[in-house]
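Worksheet: the structure to be examined is printed underneath.
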Amino acid sequence: MIVFLVFKHLFSLRLITMFFLLHFIVLINVKDFALTQGSMITPSCQKGYFPCGNLTKCLPRAFHCDGKDDCGNGADEENCGDTSGWATIFGTVHGNANSVALTQECFLKQYPQCCDCKETELECVNGDLKSVPMISNNVTLLSLKKNKIHSLPDKVFIKYTKLKKIFLQHNCIRHISRKAFFGLCNLQILYLNHNCITTLRPGIFKDLHQLTWLILDDNPITRISQRLFTGLNSLFFLSMVNNYLEALPKQMCAQMPQLNWVDLEGNRIKYLTNSTFLSCDSLTVLFLPRNQIGFVPEKTFSSLKNLGELDLSSNTITELSPHLFKDLKLLQKLNLSSNPLMYLHKNQFESLKQLQSLDLERIEIPNINTRMFQPMKNLSHIYFKNFRYCSYAPHVRICMPLTDGISSFEDLLANNILRIFVWVIAFITCFGNLFVIGMRSFIKAENTTHAMSIKILCCADCLMGVYLFFVGIFDIKYRGQYQKYALLWMESVQCRLMGFLAMLSTEVSVLLLTYLTLEKFLVIVFPFSNIRPGKRQTSVILICIWMAGFLIAVIPFWNKDYFGNFYGKNGVCFPLYYDQTEDIGSKGYSLGIFLGVNLLAFLIIVFSYITMFCSIQKTALQTTEVRNCFGREVAVANRFFFIVFSDAICWIPVFVVKILSLFRVEIPDTMTSWIVIFFLPVNSALNPILYTLTTNFFKDKLKQLLHKHQRKSIFKIKKKSLSTSIVWIEDSSSLKLGVLNKITLGDSIMKPVS
């Protein structure tokens, strides 16, 4: 007895020792794990920068996922794909569904000759079968794809109780009896997609207790009831893509407690209710894109505590409740793209702490701000309609789009060609206009009022060159780190002043060209009229044009709530809008300027020059010097053509883009950059050539100046040679000097006569 007690005591002591030893080991392991976790803490980076894995180095967003190893350890090129949500898991499961290697041996004794058999799996694809064939009852997989089976009668599979998978795609099945799947208690996967099914009777799946996958895609099914899914206690995945459903059952998951994945893409569902997903506690993936859902009640998703991915894209949702996503604490991926949403609440995504991917493509967000996206600390991918929106989510590693056609994450001007052109056109514009101003000031013109108008036009065009120079300068300033300063830049005073300068130059130039055209029109078409503005009237008109241009450019500054950031919609600060993302005020104003004032001015210029050419041609036919008149006609036609052509190059692209935007046609982003940098300044660069350098008056005056300069040079040379002769004669004889003076005097008198 004593021995037993001693043994029992020792055994208890050993158990206690082992318990403490195990506890100590666990503590060590936990400590080690904590240390490991602590050592993996990523370095804190400033806004817009992201860490290089476990290195202390941080890089701007532009250097991540750009195809180059900028970190040195490849961390900046890792995790670039948007793998959040459950799409990857589904692909893996779906892809490996039939991955088990089968032997070529067939274990079925009876099956049609047109079928292929491997072990207990039978494939009868494209066999022209009109009904389910007679086969051995030990079959586990039956594929009857692409046959001519149009109906499934009662108990058609009653003998095949071991069936686990049935594939009935592409048969144009129209009718399925209520007891067609009777007895299939082991069936796990059922494919009925790409058929002609219009209705499914309640209870049709009541014996399919083990069914996990049900695929009903591409069938013209118009209605489903809650009782349709009776018996589907194990259903995991339900797909009804591209059906004709207009409504969902009152409680979608009442008969499917294990339902994990629902795909209802491409139906005609018009509404959801608070009870639609009330019993869908296990749901992790919900796809509802390409439907006609106009409104989602606030508590629609309140019971979906485990939801990991939600897709509501391409619907007609115009407004979201501020607390719609409040209960989706585990949501990883949310797609709201291609909805006509006009407003997002500032706390719309406040509860989505685990969200990793947010898709807001083709959505206008007029009230966008950085606070809207700050709560989503785990957000790694975000998709916007506008590139400039990326500035409001600097903490997100991957932001799309990468450019707006003008700027990129790295540079204000994303295209190397644009960088070169902006300097070339700026130089040509400034130099050409300053040269004309100088020459016009130096050369005295008979028509001083016209010369004054041309000089004022050159001043306006020169402002466009100054604007382009500033674009080039700020491009250099922000080279390689533009996205870091993009938001500050577009909201800065400098950007707004640049936009104001460009708009002032553009509108004053347009109004001046219209005035000069009308002035010329009156002279040529009505040569005997007395409608001729004098110097004072011309000065008043020019002052009014500058005041009108100034007002057009400055009005957007008066009411920011109405116009928004009118000049800060893109990196080059020019208000050339072409999409639906602008404020109502700025949209109406820009349309009024570009399709109102500028289009009207362009049409007046084109009409005037056509009328002038016809008038000149008519006058020429009445003269006798046909040959000379023909030459003059060609010259005038060429000149008028290039004037109209330069206006067309400048403004037609703008008009086309604005008109297309009215019809909601998507315009390529790159088009904006070419219009702003290349097409729009064409007039400013060519006006000096067209209105001064190629005119006959300027050519004649230039020839006179050159001739006068040549005469002065010749006179200086002769005078120099004369002085040499006089010095030599003085050394020789005073008599010769007098004779030479007479000869020289005679030469000088005779020269003008000759």
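Yeah, the Cβs are placed from backbone N, Cα and C, and that goes for glycine too.
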Membrane_side_equal(S453, N565) from Swiss-Prot: no
Whichever of C65, C71 is disulfide-bonded to C80 when Swiss-Prot is consulted: C65
Partner cysteine of C495 (disulphide bond, per Swiss-Prot) from C399, C430, C573: C573
Candidate cysteine (C45, C58, C71) that Swiss-Prot pairs with C52 in a disulfide: C71
Per Swiss-Prot, the disulfide partner of C58, chosen from C45, C106: C45
N-linked glycosylation site: annotated position in Swiss-Prot, out of N335, N447: N335
Among C45, C58, C71, C80, C573, which are disulfide-bonded residues, the residue with the most C-beta atoms within 10 angstroms of its C-beta: C573
Secondary structure content, the repeat 'LRR 6' (258-279) (per DSSP, counts of residues): 0 helix, 3 strand, 19 coil
Recorded stretches the transmembrane segment (593-613) and the transmembrane segment (496-518) touching, at least 3 CB pairs under 8 Å: yes
Length of the line joining the Cα atoms of C65 (disulfide bond) and C52 (disulfide bond), in Å: 12
Residues that sit under 8 angstroms from C495 (disulfide bond) by C-beta distance, when 6+ apart in the chain: W489, Y567, G568, C573
Among C52, C65, the one of these disulfide-bonded residues whose Cβ has the fewest neighbouring Cβ atoms within 10 Å: C65
C52 (disulfide bond) and C80 (disulfide bond), distance between Cα atoms, whole Å: 13
Tertiary contacts of the transmembrane segment (671-691), as residues 6+ beyond its ends and Cβ separation under 8 Å: 404-406, 413-415, 418, 421-422, 425, 428-429, 432-433, 435-436, 454, 457-458, 460-462, 464-465, 468, 471, 505-506, 509, 513, 516, 570, 572, 574, 576, 578, 639, 642-643, 646-647, 649-650, 653-654, 657
Distance from C58 (disulfide bond) back to C71 (disulfide bond), taken between C-alpha atoms, in Å: 8
